[in-house]
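Feature annotation from Swiss-Prot assigns ATP binding site to 158, 159, 160, 161, 162, 163, 164, 165.
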């Protein structure tokens with residue numbers, strides 16, 4: 001391993017000069033270690049990543065942690081390979097940083113743990129699976145109206161407090177319980193408090209044993225925030241490629257990945273592009289997203305929380321992400337106010353899998369009829385608000401009558417929320433979901449009260465709930 005010396009420090013950007021014609025490759029990791037020699041100094045153990053070559057002997061690097069205490073002239077060792085992180089079953093139930101060091105309170109992983117580099121090529125064409133397979137989540141509104149594809153990419157939109165985290169936890173739980181699947185969670189540039197809460201909530205609900213967690217939070221340098229998504233993805237890829245698993249990969253928040261890339265780009269002196277973003281925005285996003293896919297041995301399905309700056313969907317950051325998405329799940333605050341959980345907007349959420357050749361004719365027809373009924377109800381709400389229900393035609397009254405039952409039946413209790421609600425969570429198989437909505441739309445349950453449809457799983461539970469309320473089916 002060749003050693004060089006630090007020649008310049010500009011915040012998170014560090015220049016390192018090497019002798020004897022040695023120049024580390026782009027993406028190589030460089031380690032700076034220094035023992036404190038006096039009380040005024042601090043121990044330093046810093047990892048840098050090569051970003052640029054400057055001339056014949058100097059590299060410009062991005063620091064993965066704070067550069068406080070680093071001085072010119074300090075020794076830097078080229079490790080000869082990219083940053084590598086632990087992979088495999090040893091990562092389950094644990095929390096890591098961008099470098100793969102555990103940041104939970106348990107024992108560190110031993111040196112025998114297998115480690116993989118975070119930079120790698122996307123699977124080649126001959127490795128990709130050509131089958132489009134639906135990933136059943138057990139969540140009615142998702143499975144019926146915006147189904148997820150195995151190996152697909154799903155965008156999760158929602159403001160603060162509308163249930164993104166609970167939806168993520170339920171997906172992790174359902175995949176673990178029903179499919180025996182594994183999840184990897186990457187916290188990219190979000191609040192440390194939220195990561196802490198998520199960890200303890202997952203511990204309480206028992207989901208943590210099937211999950212690996214990686215965090216590079218808001219307070220960390222841009223290098224860590226930019227690379228932590230790749231750290232999580234590398235762990236997920238190992239479960240897919242080596243263990244043949246169907247993996248769920250969560251990124252919260254993909255916008256912060258772009259934001260960190262923009263900061264790094266500016267620090268490296270690149271000319272900014274549209275709205276001040278990095279000129280390499282599309283390339284960086286593509287390199288990450290192309291690795292998330294189904295292969296012949298397994299799949300990585302990603303669910304990405306997306307922050308939309310100033311609600312501007314034409315902003316280059318979210319717009320670049322949209323190009324890669326197969327489905328969107330939009331969470332709507334108005335639905336939480338009505339007590340409908342999960343608060344997924346059935347009209348705004350989309351999926352390219354909702355096509356008759358993928359989901360089947362019956363599923364497609366029922367889903368479209370549900371959307372048409374809800375859309376008509378939405379159009380009638382203004383008339384109802386001004387004139388009242390009595391002014392509607394008999395046909396429109398029937399639409400409203402059924403739409404409200406459909407809307408309430410799209411809600412259900414979650415397993416991970418049992419400790420808060422006291423209600424047992426429900427996993428609803430896709431066949432049962434389609435059957436339930438088909439019967440509601442046919443008018444079979446028009447005589448049952450609306451509240452019987454609220455927060456239940458299968459259609460049989462509606463009948464039981466109505467009986468408890470004194471109404472016979």
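Using N, Cα and C of the backbone, Cβ positions are placed for all residues, glycine too.
Feature map: annotations from Swiss-Prot on the structure.
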| residue | record | contacts (Cβ under 8 Å, 6+ apart) |
| --- | --- | --- |
| 158 | ATP binding site | 164, 305, 330, 331, 332, 343 |
| 159 | ATP binding site | 331, 333 |
| 160 | ATP binding site | none |
| 161 | ATP binding site | 333, 336 |
| 162 | ATP binding site | 331, 332, 333, 336, 343 |
| 163 | ATP binding site | 331, 336, 341, 342, 343 |
| 165 | ATP binding site | 194, 197, 198, 201 |
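Within 10 Å of the Cβ of residue 164 (ATP binding site) there are 23 other Cβ atoms, across all protein chains. In this structure, residue 165 (ATP binding site) is part of a helix by DSSP. Apart from 158, 159, 160, 161, 162, 163, 164, 165, the ATP site neighbourhood in this chain, defined by C-beta within 8 angstroms of the site C-beta centre, holds 331.
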